[in-house]
Amino acid sequence: MPELPTHFHGPVRIAVIGGTGLQKLEGYHPVAIVNPLTPWGHPSAPIHILKHNDVPIAFLSRHGQYHQYAPHEVNSRANIAALRSIGVRTVIAFSAVGSLQEEIRPRDFVVPDQIIDRTKGVRPFTFFEKGLVGHVGFADPFDSKMAKVVSECGHALAGDGVRMHDKGTVVCMEGPQFSTRAESNLYRSWGGSVINMSALPEAKLAREAEMVYQMICMATDYDCWHSTEDVDVAMVIGHMEANSGNAKRLVRAVLDELCKEEHAELVRGKHWEGQTTGMLQFMTKKEGRGVVGVNNVEFLFPGLFGPPEKLGSMNE
Ligand SMILES: CSC[C@H]1O[C@H](OP(=O)(O)O)[C@H](O)[C@@H]1O
Ligand SMILES: Nc1ncnc2[nH]cnc12
């Protein structure tokens, strides 16, 4: 195959983040591979730009090309910032999850609407620090408009054996070890539907970056609360591989739908525009702003604090 260009002209609005067992997106026309440098470093892997129905789509492998980054090592800030820098405003994020409920069977899909944070504060979780403070709303961590589109695509594939659950609470644990039985039962008592190690800080950062973010979970096990076998990696990969046909069908159906003109506003994240930038402009007063914090935010939202020469007079 000839080498692909390392630049792509024109914005890419839609990105798919692939998780465990979804390191590539095959069956699309590759047009470029880009690797933007952000203030937080490079993304976990070069971003593949693919064409689908003549619409460019970005694909990023969360754990790296070779699954070399553990959940706590994934550079989510670089991932989200890099995607935003190429124009992405919609992220469809895949995740392999353990089921915490009997009715969510291995190989079922879940479009979650809530998250319980069980990470331990070891992952960098915000873009807003170092002289620029920001607080965004996170009551509903996913995007209900996008969730509706994804759910409908899933239900339309019921004949192919896709079982879709339209709601659910993801417990995002720290890992990389799986839960104890006591923890697994505790999460069930809290109303958790599924468990993973990847929803956070990815979802928080996407919200800070004013992006549409929706996770699609595929259950790969019953964690360890169930009377069947306890989860292990072989079980997760086994179910992912066995159900990869349905995962691919679902991705294609979602992309088919999102490429339609009727979803142009949604895909561009118009309903999130200004939610972060409006607040950032008044939160930290000019006198207290730090160069690093402002420059970081300028990478995400170029021009927010004015032309670059005006940024020089701030606190180091
Ligand atoms: C290999 S089992 C645990 C691993 O799988 C999930 O990955 P992802 O969400 O990226 O699909 C889970 O979050 C853990 O990182
Ligand atoms: N049981 C489980 N716990 C955490 N993350 C997972 N990913 C897949 N299965 C999981």
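Think of each number as a place in line: the chain as shown, counted from 1.
In case you wondered, yes, glycine gets a Cβ from its N, Cα and C as well.
For reference, TrEMBL has these:
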{"type": "DOMAIN", "residues": "13-255", "note": "domain 'Nucleoside phosphorylase'"}
{"type": "BINDING", "residues": "Thr20, Arg62, His63, Ser95, Ala96, Ser198", "note": "phosphate binding site"}
{"type": "SITE", "residues": "Ser179", "note": "site 'Important for substrate specificity'"}
{"type": "BINDING", "residues": "Met197, Asp221, Tyr222, Asp223", "note": "substrate binding site"}
{"type": "SITE", "residues": "Val233", "note": "site 'Important for substrate specificity'"}
Cβ-based neighbourhood (8 Å from the centroid) of the phosphate site, residues Thr20, Arg62, His63, Ser95, Ala96, Ser198 excluded: Gly18, Gly19, Gly21, Leu22, Pro71, Phe94, Asn196, Met197
Coarse DSSP state, helix versus strand versus coil, of Val233 (site 'Important for substrate specificity'): helix
Recorded positions near Ser179 (site 'Important for substrate specificity'), in sequence order, restricted to Ser95, Asp221, Tyr222, Asp223, Val233 and a 10 Å Cα cut-off: Asp223
Taken over the domain 'Nucleoside phosphorylase' (13-255), the model's mean pLDDT: 96
Cα-to-Cα gap, Asp221 (substrate binding site) vs Arg62 (phosphate binding site), nearest whole Å: 20
Thr20 (phosphate binding site) to Val233 (site 'Important for substrate specificity') - Cα separation in whole Å: 10
Euclidean distance between Cα atoms of Asp223 (substrate binding site) and His63 (phosphate binding site), Å: 21
Where Asp223 (substrate binding site) sits in the secondary structure, as DSSP reduces it to three classes: coil
Top Cα neighbour of Arg62 (phosphate binding site) in the set of binding-site residues Met197, Tyr222, Asp223: Met197
Recorded positions close to ligand 1 - of Ser179, Asp221, Asp223, only those whose C-beta is under 6 Å away: none
Extent of the substrate binding site in Å [max Cα distance among Met197, Asp221, Tyr222, Asp223]: 15
